[in-house]
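Asks: Provided herewith is a single structure, encoded as C-alpha cells, for subsequent inquiry.
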Amino acid sequence: MAYASDPSPLQDFCVAINDPKDAVFVNGKFCKDPKLAKAQDFYHSGLNIPKNTSNPVGSTDTPVNVAQIPGLNTLGISLVRIDYAPNGGLNPPHTHPRATEILVVVEGTLYVGFVTSNTDNRLITKVLYPGDVFVFPIGLIHFQFNVGKTNAVAFAALSSQNPGVITVANALFGSNPHINPDVLVKAFQLDKNVHTFRACTSIMMKRLQLFIAAFVILAFSSLLASASDPSPLQDFCVAINDTKNGVFVNGKFCKDPKLANAEDFFYSGLNIPRNTSNPVGSTVTPVNVAQIPGLNTLGISLVRIDYAPYDGLNPPHTHPRATEILVVLEGTLYVGFVTSNSDNRLITKVLNPGDVFVFPVGLIHFQFNIGKTKAVAFAGLSSQNPGVITIANAVFGSDPPINPDVLTKAFQLDKNIVTYLQSKFWWDNN
C-alpha cells in the first residue's frame, strides 16, 4: 500500500544524466542506461568536513540530494549536514514543500521546533543533545537554534530526492521581484516604512510569532508533495494504541492532533555505542514509527549501525519499502548492492568517514567493516517502517522451514548442507 514520495520507477534505479540523446526522461531527469551505472553514481564524500558558519544566520547546510548523487533520482530520499555557529547559530524558520525531515544531533545543543498549520498554529519545541532525534513534518515551518557555547552539528534525512527549501524571511521579504509592500504591510500588520528585508527580519527575529502568518501563503506547497507512506490530510497523525478515541490511518490509530506534544516527535540515545558481540558483529538501532509515534504517515525513518572491528557485517538484506542513504561517521566500510535479474551486477565502494552511499529500494545490499577499529554509520530510510529481510535468516530460518528440496534445487547444494543451514538459522531466529 506504500508508494514513493517521488514517482516510483519500474526499475532498480534511474541514474540522472544531462545527455538526452540516448536517455529516458523519468521524474524530471534523463536517465542513463542502467547497465552503465557504477558506484560513483550512488556516492558522495565530504560530510565529515566542518563548514564555515560565518554568515548572518550562523549556520550552513550541506545537501546531498539528486544534484550531488545522480543515483538518487526516483528514490525519494536525501541527506543534509548542518553546521551551527556557537552562541546562536540558527537554521532559520523554513519549510520543505516536498519532504518530512528526521534530524539527529551529533555535536552541541539545539533548541528546535515546528509550528502546526492554521488555525491552531501551535509551537512544538524541544532541546536536543548529542544522540537525540527529532522529526519535522512535511510542509511545516521549523527551525534549529544553537543554544550552546560550542559548535553544533546535525545530520538529517529528508523524504524526497529534492525536498526543496523555503526560508520564510527570504521568500517574503527578499523575493525577486519584490512582493507589493501593501501585501506585506497588511499580512504582518507592520508600518509601511518598515518593509525592507533587513528591517523586517530584525523585527521577526524579536517576534517569532509573526512567522506563523506566512503559513497561509506557504501552505499550498505542502499539498503538492506526497509522502512515501500514504499522505495524510493533516499536519501529522501521531500513532497511539488506544482504539477507542483514535482514527485509523496507515495501519495506526492516531491521537487528537491538539494533544500532540514534543515527545511524540522525539527520541534519544543514538550517541550510545551498541554491543556488537553477536555472530555477524553488528547492531542496528532503528528509529522508526515504533520509537517515534509522530512518524506515522510521514514516510521516513533513521537507523544507527555499529560494526565490530575487522569484520563487523550488516549481512545481505533488503528493505522492501525503502531506499537507504547512509553516511559513515567512524571507520572504513566496504559496501555494495546487487541489481535485479537478469544482470545481478554487484556495485561496490569503500567508504570512509564523511562518505555517503545509496542503496536503492528492494535491492540486496550489505556493509562490511574492513578496518581495524569499530565503525559507525547513520542511515535514513524512505519509509516510516521500511522493513528488513535478512536473506540468510529468511531463506534458511523461516518458521515453518521451507521444504529442503526447494532450497536444494534453488541453491544447488547438497541436501545435507541445506538441512544443516536450516537447523542453524532456525535456532538463531528462535
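Backbone N, Cα and C define each Cβ position, glycine as well.
Just so you know, TrEMBL annotations never went through curation; they're auto-generated.
The oxalate binding site annotation in TrEMBL covers ASN314, HIS319, GLU324. Here TrEMBL flags HIS317, HIS319, GLU324, HIS365 as Mn(2+) binding site. Under the heading disulfide bond, TrEMBL lists CYS237-CYS254. What TrEMBL records for 45-196, 268-419 is domain 'Cupin type-1'.
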Asks: Radius 10 Å, atoms counted are CB only; among the binding-site residues HIS317, HIS319, which position scores highest?
Replies: HIS319
Asks: Near HIS365 (Mn(2+) binding site), which residues of its chain come within a Cβ-Cβ distance under 8 Å, counting only those 6 or more away in sequence?
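Replies: Counting only residues 6 or more apart in sequence, the Cβ neighbours of HIS365 (Mn(2+) binding site) under 8 Å are PRO316, HIS317, THR318, GLU324, VAL335, GLY336, PHE337, VAL338, PHE359.
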Asks: Would you count the other CB atoms within 10 A of the CB of CYS254 (disulfide bond), including those on all shown protein chains?
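Replies: Around the Cβ of CYS254 (disulfide bond), 23 other Cβ atoms lie within 10 Å.
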Asks: Work out how many Å separate CYS254 (disulfide bond) and HIS319 (oxalate binding site) at their Cα atoms, rounded off.
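Replies: If we compare the Cα positions of CYS254 (disulfide bond) and HIS319 (oxalate binding site), the gap is 25 Å.
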Asks: To the nearest whole angstrom, what is the C-alpha distance linking CYS237 (disulfide bond) and HIS319 (oxalate binding site)?
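Replies: So the alpha carbons of CYS237 (disulfide bond) and HIS319 (oxalate binding site) sit roughly 23 Å from each other.
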Asks: Tell me the Cβ contacts of ASN314 (oxalate binding site) under 8 Å, same chain only and six or more apart in sequence, or just say none.
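Replies: For ASN314 (oxalate binding site), the qualifying residues are VAL280, SER282, VAL284, ILE305, TYR307, PHE366, GLN367, PHE368.
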Asks: Starting from the Cβ of CYS237 (disulfide bond), draw a 10 Å sphere and report how many other Cβ atoms land inside it.
Replies: 27
